[in-house]
């Protein structure tokens with residue numbers, strides 16, 4: 001039995017940067033708060049909590065003053081920065097550069113089309129931290145769509161500008177883009193004049209899709225390691241499952257079922273851009289040490 005970890009799996013640079021910033025700040029001995037889970041992986045959140053990172057939500061942020069708060073890679077809406085200013089909160093800003101660039105693009109688009117009664121549409125997960133930050137650039141006027149059913153939120157009589165959450169699947173984005181184009185045409189509008197789309201998916205994420213397709217085909221079984229909250233994890237696991245029916249999603253090694261693996265199987269281990277390498281190594285060690293039928 002071979003048990004191989006995908007060399008392309010593990011943190012994207014945005015998550016790696018945020019975790020490094022958190023560890024550097026905690027090394028000074030000063031208290032550090034983080035607005036939301038620093039990464040959508042409960043095992044890593046737990047590891048950093050043991051080092052002293054205190055996770056807070058937006059309601060708790062409103063009660064803080066004179067302290068340090070980390071902004072995670074997902075980014076934040078403008079009101080978070082305003083609140084920090086008012087309450088003398090020092091922000092340690094670990095917003096991913098790719099997300100910040102997207103926020104700026106969305107704000108520029110919104111400023112350009114708002115007077116023309118146009119609509120900013122975001123293909124993403126409602127309530128996701130990154131989407132909250134992006135929608136905040138439009139004063140929360142952006143329309144968030146996740147499924148085809150959500151297209152009914154859009155007024156196809158008015159211009160539409162489409163963006164994507166950076167961690168969504170490329171396939172899903174282009175499917176949504178085609179559906180919107182069709183609906184604009186059905187409304188009797190000129191598609192070129194009334195619809196603009198922007199593929200704002202992070203290339204480190206989209207490049208993982210073809211890599212994972214290839215990786216998944218090379219093994220009898222694929223164990224995909226990710227936090228259940230990870231949007232990117234759900235998308236990439238879907239890619240594995242398309243290519244290899246014997247792909248399984250776990251948060252850690254304790255979730256592996258005995259029936260999944262046979263003694264003669266070659267096993268591939270991979271994960272989301274929010275999955276730490278140490279966790280995949282833990283899964284690898286567990287499989288190698290276990291007796292399989």
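Note that Cβ sites are derived from N, Cα and C of the backbone, with glycine treated the same way.
As annotated by Swiss-Prot, active site, proton donor applies to 130. Counting only same-chain residues at least 6 apart in sequence, those with a Cβ under 8 Å from the Cβ of residue 130 (active site, proton donor) are 74, 75, 99, 124, 165, 166, 167.
DSSP gives residue 96 ([4Fe-4S] cluster binding site) a coil state; it is part of no helix or strand. Feature annotation from Swiss-Prot assigns [4Fe-4S] cluster binding site to 12, 96, 202.
When secondary structure is read from DSSP and collapsed to three states, residue 274 (isopentenyl diphosphate binding site) falls in the coil class. What Swiss-Prot lists as isopentenyl diphosphate binding site is 40, 74, 128, 230, 231, 232, 274.
The annotation (2E)-4-hydroxy-3-methylbut-2-enyl diphosphate binding site is assigned in Swiss-Prot to 40, 74, 128, 166, 230, 231, 232, 274 on the grounds of sequence analysis. Secondary structure at residue 231 (isopentenyl diphosphate binding site), taken from DSSP and collapsed to helix, strand or coil, is helix. Taking a C-beta cut-off of under 8 Å and a sequence gap of six or more, residue 231 (isopentenyl diphosphate binding site) has these contacts in its own chain: 40, 124, 125, 128, 165, 167, 168.
Swiss-Prot lists 40, 74, 128, 230, 231, 232, 274 with the feature dimethylallyl diphosphate binding site. Residue environment of residue 232 (isopentenyl diphosphate binding site) contains 26 other Cβ atoms, counted within 10 Å of its Cβ in all protein chains.
When other Cβ atoms within 10 Å of the Cβ of residue 40 (isopentenyl diphosphate binding site) are tallied across all protein chains shown, the result is 27. Considering only the residues assigned to dimethylallyl diphosphate binding, 40, 74, 128, 230, 231, 232, 274, the longest pairwise Cα distance works out to 14 Å. All protein chains included, residue 96 ([4Fe-4S] cluster binding site) registers 22 other Cβ atoms within 10 Å of its own Cβ. Counting only residues at least six positions away in the same chain, the Cβ atoms of 40, 41, 272, 274, 275 sit under 8 Å from the Cβ of residue 230 (isopentenyl diphosphate binding site).
Cβ neighbours within 10 Å of residue 128 (isopentenyl diphosphate binding site), excluding its own Cβ and spanning all shown chains: 21.
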